[in-house]
Amino acid sequence: MALRRGGCGALGLLLLLLGAACLIPRSAQVRRLARCPATCSCTKESIICVGSSWVPRIVPGDISSLSLVNGTFSEIKDRMFSHLPSLQLLLLNSNSFTIIRDDAFAGLFHLEYLFIEGNKIETISRNAFRGLRDLTHLSLANNHIKALPRDVFSDLDSLIELDLRGNKFECDCKAKWLYLWLKMTNSTVSDVLCIGPPEYQEKKLNDVTSFDYECTTTDFVVHQTLPYQSVSVDTFNSKNDVYVAIAQPSMENCMVLEWDHIEMNFRSYDNITGQSIVGCKAILIDDQVFVVVAQLFGGSHIYKYDESWTKFVKFQDIEVSRISKPNDIELFQIDDETFFVIADSSKAGLSTVYKWNSKGFYSYQSLHEWFRDTDAEFVDIDGKSHLILSSRSQVPIILQWNKSSKKFVPHGDIPNMEDVLAVKSFRMQNTLYLSLTRFIGDSRVMRWNSKQFVEIQALPSRGAMTLQPFSFKDNHYLALGSDYTFSQIYQWDKEKQLFKKFKEIYVQAPRSFTAVSTDRRDFFFASSFKGKTKIFEHIIVDLSL
């Protein structure tokens, strides 16, 4: 009985072992089929698939090479090959995908060769190749790539060779980063041919001279808002510091600001008090700093900076009998002598030139009376000194400096320009221009043609009180202030030789625009008669970003 039970137990165990033995090769065969699909050819170290619609899902092993040819999947998704961490070579040729997503090759820390050739790729995400720090060879040849995202190769620290042939690159601003990268990389890169824009067609990207002009523009952004009204702004440098003097008639102040190199803004430095101050003009003579403070009431005065008091103190009065309604102060030099002129807009006013005599300023010449002058501008015309006076009662007149009498004498006028509020001069490429501001009608831009000033452009300017030219490096602008609508900034178009509209800014009742540069930054003060004074910063915008 026991023997029978023992025999049956041995027989059962034998049958169980035989059954298990029979099952082992079947399981191994199933696993082999799962590891190598019908569309693929597999060895211990490599897989080649033709016409596959998916990436083989194979248990991680020693697979070091994967080739997918004529595949039908439409994109390379993130971490699409992460289940094959031992890959050293990945070939993706003649497939249907059009896009490579971010982190498409994440997890392939040992990948050295990546060939993505002859596909239909149009888009590559910025972080598509992230993590491929051991990659030495990359080919994107013969795809439909028109542009590559900035820094797409930034993770490829070991890259030796890059092939970009056979694509359709648009060599516009989007290619600027690639242009710069090609100049700096130590990798060997195939020629990148441009199919556009037309001026670069069939050229090599490396042969493009520069993208600086096409791919940069400028802008004005609000940097600082000053909580007070103002009518004029002047700037001056003293002992390597930059200062700004702001006339505030409603607050009866001439506020002096200084540039704070730490906080990077303009802060209060000193305050000159007065009555209805309409102008603060700085004059630097040797190491001395003076400020002419023009007032509507109580006479105008000159202040001098006192080092011991570290503030401006009254230095001199300007005769009330000569200047009763100052409207503009203009500083100039002739034969190393310092002058300034005050334009008087009262009916019986005398626009007067003042001269420095080493002890103070004295009235040097009365220009004319009864004309209600609104502005004075010193201009060098063909090497000769001139003053242009604008007036509410006549066209702008031109006075020329007489070297014999050392006085200004009438020389001519600017015809057909009645009711001009202000005249400003500026130069571009050694050519002299004038901007003439009119409150009603069109303001004008004029050019000197060696004989006379001729009009080159009319700017609609209803309610304009100022048309101010200013420049930052090679960028030339006109700021047209308006009491009725947005103020306009115009930029000079070198090709058309005209000013074109560039930007609208909102400033309530603007009265002056002043350019100030410091710490390699450029600013633009906009005074406001009815609102807050604004400081705009002139910035360079890279269109390739």
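Our numbering is plain: 1 for the first residue shown, then up by one each step along the chain.
Glycine too: its Cβ is placed from the backbone N, Cα and C atoms.
Since the structure is predicted, the reported quantities are computational estimates derived from the model, not experimental observations.
Over in Swiss-Prot, the protein carries these features:
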- 29-65: domain 'LRRNT' (DOMAIN)
- 167-217: domain 'LRRCT' (DOMAIN)
- ASN70: N-linked glycosylation site (CARBOHYD)
- ASN186: N-linked glycosylation site (CARBOHYD)
- ASN271: N-linked glycosylation site (CARBOHYD)
- ASN402: N-linked glycosylation site (CARBOHYD)
- 219-261: repeat 'EAR 1' (REPEAT)
- 265-307: repeat 'EAR 2' (REPEAT)
- 360-403: repeat 'EAR 4' (REPEAT)
- 407-450: repeat 'EAR 5' (REPEAT)
- 1-28: signal peptide (SIGNAL)
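Where Swiss-Prot records a feature, it is marked here on the structure.
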| residue | record | Cβ neighbours (10 Å) |
| --- | --- | --- |
| ASN70 | N-linked glycosylation site | 14 |
| ASN186 | N-linked glycosylation site | 6 |
| ASN271 | N-linked glycosylation site | 13 |
| ASN402 | N-linked glycosylation site | 13 |
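Among residues of the same chain six or more beyond the repeat 'EAR 2' (265-307), those with a C-beta under 8 A of the stretch's C-beta atoms are 223-224, 226, 231-232, 234-238, 243-249, 252-259, 313-320, 323, 325-331, 338, 340, 342, 356, 360-361, 535. Put simply, ASN186 (N-linked glycosylation site) is 33 Å from ASN70 (N-linked glycosylation site) when counted between their Cα atoms. Within the same chain, residues 328, 353, 365, 367, 374-375, 377-382, 386-388, 390-392, 394-401, 456-471, 476, 478, 480, 492, 499 sit at least 6 positions outside the repeat 'EAR 5' (407-450) and bring their C-beta atoms closer than 8 Å to a C-beta of that stretch. Secondary structure of the repeat 'EAR 2' (265-307), assigned with DSSP and counted as helix (H, G, I), strand (E, B) and coil, comes to 0 helix, 33 strand, 10 coil. Summed and averaged per residue, pLDDT over the repeat 'EAR 2' (265-307) gives 96. For the pair formed by ASN186 (N-linked glycosylation site) and ASN271 (N-linked glycosylation site), distance between Cα atoms is given as 59 Å, rounded to the nearest Å. The DSSP secondary structure for ASN186 (N-linked glycosylation site) is coil.
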